[in-house]
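The structure appears right after this line, and notes come after that.
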């Protein structure tokens with residue numbers, strides 16, 4: 001018989017690092033856009049997603065609505081996922097790149113908490129400890145005056161914008177965690193492409209409505225912003241593709257850990273291209289959040305390996 005071609009060792013982790021780099025560069029370009037609202041950038045991102053997913057839906061013959069019993073879950077997956085994207089883009093625009101990126105990496109903690117509440121999954125003392133680490137990290141990044149006594153502690157721009165960005169990043173993280181819980185509930189009964197399709201379509205509709213309400217819909221005035229818009233769409237799409245390929249050939253635990261390279265890239269790009277040195281408060285917050293997310297990923301990974309061995313026995 002024919003032998004299956006062996007996968008190159010470490011290829012999945014290389015794809016993960018490449019995905020993190022592409023996402024970080026896309027975030028940097030978002031910071032460089034000067035004349036567009038975050039909602040309009042999100043709308044363009046949704047258009048790119050739709051253009052990529054549509055051929056896949058036709059090829060796999062999944063339909064555009066999905067199974068009747070799963071449509072409500074797909075709708076909320078699309079709504080919460082697109083909301084997370086808009087809020088994250090807003091956070092990138094009004095606060096330091098590294099700060100917003102670090103906060104988003106508390107997502108595994110939110111996921112564990114929501115899975116405990118809605119899916120009745122086990123929530124141990126380790127999960128509580130990781131949650132406290134994540135909260136500590138976010139507090140060190142937000143630096144509220146009632147705890148730190150001063151609003152000017154290396155914060156980029158006004159503290160009001162920094163606070164708005166922090167709230168938006170936290171809400172984005174909670175929304176993203178909710179989508180993961182919904183996807184767990186749906187399971188493998190819905191094709192991956194159909195899930196992204198709902199995300200893109202509902203996101204585009206929501207963004208267009210919001211832009212008309214806010215009266216922010218306009219084409220960028222300069223050629224630079226138009227080029228950056230296209231690059232953000234392509235880089236975001238490339239990051240998603242490489243992350244998907246990584247998860248196809250590598251276990252989720254190592255991928256989750258290596259994804260923390262996104263934070264490292266964010267710090268490097270912020271220093272090199274935005275001329276903004278992170279404070280020690282931000283570094284301390286980043287270490288707390290990374291310890292929390294890595295600990296959660298390692299624990300979930302060990303649990304999955306243990307279950308796999310038990311099922312073999």
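Backbone N, Cα and C atoms are what each Cβ position is placed from, and that goes for glycine too.
Confidence in the domain 'EamA' (11-142), given as mean pLDDT, stands at 85. Here TrEMBL flags 11-142 (among others) as domain 'EamA'.
TrEMBL lists 164-293 (among others) with the feature domain 'EamA'.
Residues or ranges marked as transmembrane segment in TrEMBL: 12-30 (among others). Same-chain residues lying 6 or more positions outside the transmembrane segment (12-30) and placing a CB less than 8 Å from one of its CB atoms are 38, 41, 89, 92-93, 97, 100-101, 228, 231-232, 235-236, 238-240, 242-243, 245-250, 254-255, 258-259, 261-262, 265-266, 269-270, 273-274.
Taken from TrEMBL, the feature transmembrane segment covers 42-60 (among others). For the transmembrane segment (42-60), same-chain residues at least 6 beyond its ends with a Cβ under 8 Å from one of its own Cβ atoms are 82, 85-86, 89, 191, 193-194, 196-197, 199-201, 203-204, 207-208, 211, 229, 232-234, 236-237.
The transmembrane segment annotation in TrEMBL covers 72-92 (among others). Sequence-distant contacts of the transmembrane segment (72-92) (same chain, six or more residues past either end, CB-CB distance under 8 Å): 27, 30-31, 38-39, 41-42, 45-46, 66, 100, 103-104, 164-166, 168-169, 171-173, 175-176, 178-179, 182-183, 185-186, 190, 194-195, 198-204, 206-207, 210.
Away from its own ends, the transmembrane segment (98-119) comes close to residues 24, 27, 88, 91-92, 127, 130-131, 134, 137-138, 141, 162, 165-166, 169-170, 172-174, 176-178, 180-181, 184-185, 256, 260, 262-263, 266-267, 270, 278, 282, 285-286, 289-290, 292-293, 296-297, 300 of its chain (Cβ-Cβ under 8 Å, at least six residues beyond either end). Taken from TrEMBL, the feature transmembrane segment applies to 98-119 (among others).
Look at TrEMBL and you will find 126-146 (among others) tagged as transmembrane segment.
Feature annotation from TrEMBL assigns transmembrane segment to 166-184 (among others). Remote same-chain partners of the transmembrane segment (166-184), defined as residues 6 or more beyond its termini with a Cβ less than 8 Å from a stretch Cβ, comprise 73, 76-77, 80-81, 83-88, 90-91, 94-95, 99-100, 103-104, 106-108, 110-111, 113-115, 118-119, 138, 141-142, 195.
Sequence annotations record features per position, and here TrEMBL assigns transmembrane segment to 196-214 (among others).
Positions annotated as transmembrane segment by TrEMBL: 226-244 (among others). Non-local neighbours of the transmembrane segment (226-244) in the same chain are 15-16, 18-20, 22-23, 25-26, 29-30, 32-33, 36, 41, 44-45, 47-49, 52, 192, 219-220, 255, 259; each lies 6+ residues outside the stretch with a CB under 8 Å from one of its CB atoms.
Positions annotated as transmembrane segment by TrEMBL: 256-274 (among others).
Panel annotation: around the transmembrane segment (280-298), residues 96, 98-99, 102-103, 105-109, 112, 126-127, 129-131, 133-134, 136-141, 143, 153-154, 252-253, 256-257, 260, 263, 267 of the same chain, lying at least six beyond its termini, place a Cβ under 8 Å from a Cβ of the stretch. Summarising the annotation, TrEMBL assigns transmembrane segment to 280-298 (among others).
Distant neighbours of the transmembrane segment (126-146): 99, 102-103, 106, 108-109, 112-113, 116, 153, 155, 159, 162-163, 166, 170, 281-282, 284-289, 291-293, 295-296, 299; these residues of the same chain sit at least 6 beyond its ends, with a Cβ under 8 Å from one of its Cβ atoms. Within its own chain, the transmembrane segment (196-214) is flanked in space by residues 37, 39-40, 42-43, 45-47, 49-50, 53-54, 57, 64, 66, 74-75, 77-79, 81-83, 85-86, which lie at least six positions past its ends and keep a Cβ under 8 Å from the stretch.
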